[in-house]
Amino acid sequence: MYRYLAKALLTSRAGPAALGSAANHSAALLGRGPGQPAAASQPGLALAARRHYSELVADREDDPNFFKMVEGFFDRGASIVEDKLVKDLRTQESEEQKRNRVRGILRIIKPCNHVLSLSFPIRRDDGSWEVIEGYRAQHSQHRTPCKGGIRYSTDVSVDEVKALASLMTYKCAVVDVPFGGAKAGVKINPKNYTENELEKITRRFTMELAKKGFIGPGVDVPAPDMNTGEREMSWIADTYASTIGHYDINAHACVTGKPISQGGIHGRISATGRGVFHGIENFINEASYMSILGMTPGFRDKTFVVQGFGNVGLHSMRYLHRFGAKCIAVGESDGSIWNPDGIDPKELEDFRLQHGSLLGFPKAKPYEGSILEIDCDILIPAATEKQLTKSNAPRVKAKIIAEGANGPTTPEADKIFLERNILVIPDLYLNAGGVTVSYFEWLKNLNHVSYGRLTFKYERDSNYHLLMSVQESLERKFGKHGGTIPIVPTAEFQDSISGASEKDIVHSALAYTMERSARQIMHTAMKYNLGLDLRTAAYVNAIEKVFKVYSEAGVTFT
C-alpha cells in the first residue's frame, strides 16, 4: 500500500511555457506567481499532510484492485476539500463537531450501497442448459434513479461493477446530472451466443433485476455499455413494460440508449464519443494549458492514437478527424494498425463492417508494438480499465491522455504522468457524454414528447418574420422607389433558421454541459494549486456536489 503525499498533489513541475500572459496563467496553474520558480512546498501543506483519507489507496502493483483504485482517487479529492466543507457548514456546532460531521458524510459517500449477485438458467438453441451469472451494483442513492450501463463480458466481476458504479456517481456529479451511480454486468462473451440466446439472457436478466427492485424509471435505469447497444436496451424496455411495468405510463424510461422507435433520442449513439471530443476541445483550446505542454492551441495538425475501436473510439476518432487532427494508429483486441500519414475513420469503419476486423486494412500497416507508446500528441484509451500502468507509463510519449474508457489509468501511472507534465483528462469528466444524453432521453420519456416538437414551427416562423421585418425596415429607409434590399442569411444561420431539431438540441446541450464542467474543473485546479492534476480537481467537484445533497437533505435516515 502507499499514500499520496500532499506535496505531490499540490505541486507540479513546470514544462515549457510561452511568453506573455499565457505563461503567467500557466504559472498560476502550476501553483506559483508569474516569473517565480516552482516552490518546494505550497500554503496549506501542513494541513493537507495530516489528513488521512488516502490511507486506503490501491495496491502498488500494475494490476490494482479496481474498486480500491477509485476509492484512492476519491481519498485524494477528499483530502483536498475537507477543510472547505467544514468551513462551509452552516450549523450551530463546534469546529470538532463540524469536522466529525464532514468526515461522517464522506464515509457515507465512499462505499457501494448495494450489490446484487444473481444466476439464472437458459436453454440454448442446441437444447443444452447453461447457468448465467450477472451483477448489478448501486453505489449511491443520494439522487435517484441510479444510472449506469450493462456490459456483457467474461471479465465481469463484483469488484468491476462496484468500481464502475462508483465512477458513475462521481461522473454524474461532475456534469450535474441528478442520478446516483450504478453498473451491471453479465458474465458472457456475446460472440458465443446466437441472437435468440442473447435475447433470452437479456430478458431473463431484466426480470431478475425487476424482482429485486433493481430496475425502474424512478429506481434504477440501465444503459448500453461494452458489447451492448440499442438492441439489448429495446429488449429490456419491452420486457419491463410488458411485465412489472405494464401499468406504468413511464415504463419505457426504465432504460436509455433505446432505438428511436422505442423512445430513444437522436444523438445517443455518438454521445460518449462526441463528449470525448468536446472534453478534449475545451482543454486543447486553452492556451495556458497548452503552453505548459509546449503545444499550440487547437486540433489542427495534431496527431492522435485510439486504443479501442468500439462505439467510443470510433466516434471520438470521427470528430477529431473532422476538426483537423490526424489519427495515426488504431488498436483493437485482435491487433493494431498504423499509418503516419493518417487513417480515415469512415474508410476504416466500412472495412471493419465488411471484414469483422481492422487487420488487413489496405491503407495502414500492422503495428506489432504497444499502441499506447506511439509518439503522438493525444492518446485516447477507449478500451478497458487499467491499460496505463506503472510499467508502461514512463514510455508513453503523448502529451495529452484523454480517458475515453473507464479507469484506464492506475494510480501509480497517474502519479508518473503528473511528474512528467502529461495532461490527463480524466474519465469521470471526459466520457460523461453518454450519461448526459441518457439523462436527456430519460427526460424525454417522462415528458412523452420529443425535443423541439412543441416549438419547431414557432421558431421557424419567428425567424422568418424577423428577417422580413429587417428587410422591410431597410427598404423603407434606404430603398429607391420601393426597391428591394434582400436579407441573405449566412450559411450557419440558414442551417438553423428553420428551428432546432432534436439532434440539434441534444448536441448543443451536450457541448454546453462539457464546456461548463471543464470550466469548473479548471477553476478548482487553480483554486487548490493542483497544476495538471485534473483528476483530483474533478473528484473535488464531485465530492462537493454529492456532499451538499447529503448535508442539506439530512443524514438521520441515510
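Using N, Cα and C of the backbone, Cβ positions are placed for all residues, glycine too.
If you check Swiss-Prot, you get these features:
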- 1-53: transit peptide (TRANSIT)
- Lys84: substrate binding site (BINDING)
- Cys172: ADP-ribosylcysteine (MOD_RES)
- Lys183: active site (ACT_SITE)
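Shown here: features listed in Swiss-Prot, placed on the structure.
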residue : record                 : Cβ contacts under 8 Å, 6 or more apart
Lys84   : substrate binding site : Glu544
Cys172  : ADP-ribosylcysteine    : Arg143, Lys147, Pro178, Phe179, Gly180, Gly181, Ala432, Val435
Lys183  : active site            : Arg136, Ala137, His139, Gly148, Gly149, Ile150, Arg151, Glu160, Val161, Lys162, Leu164, Ala165, Met168, Asp225
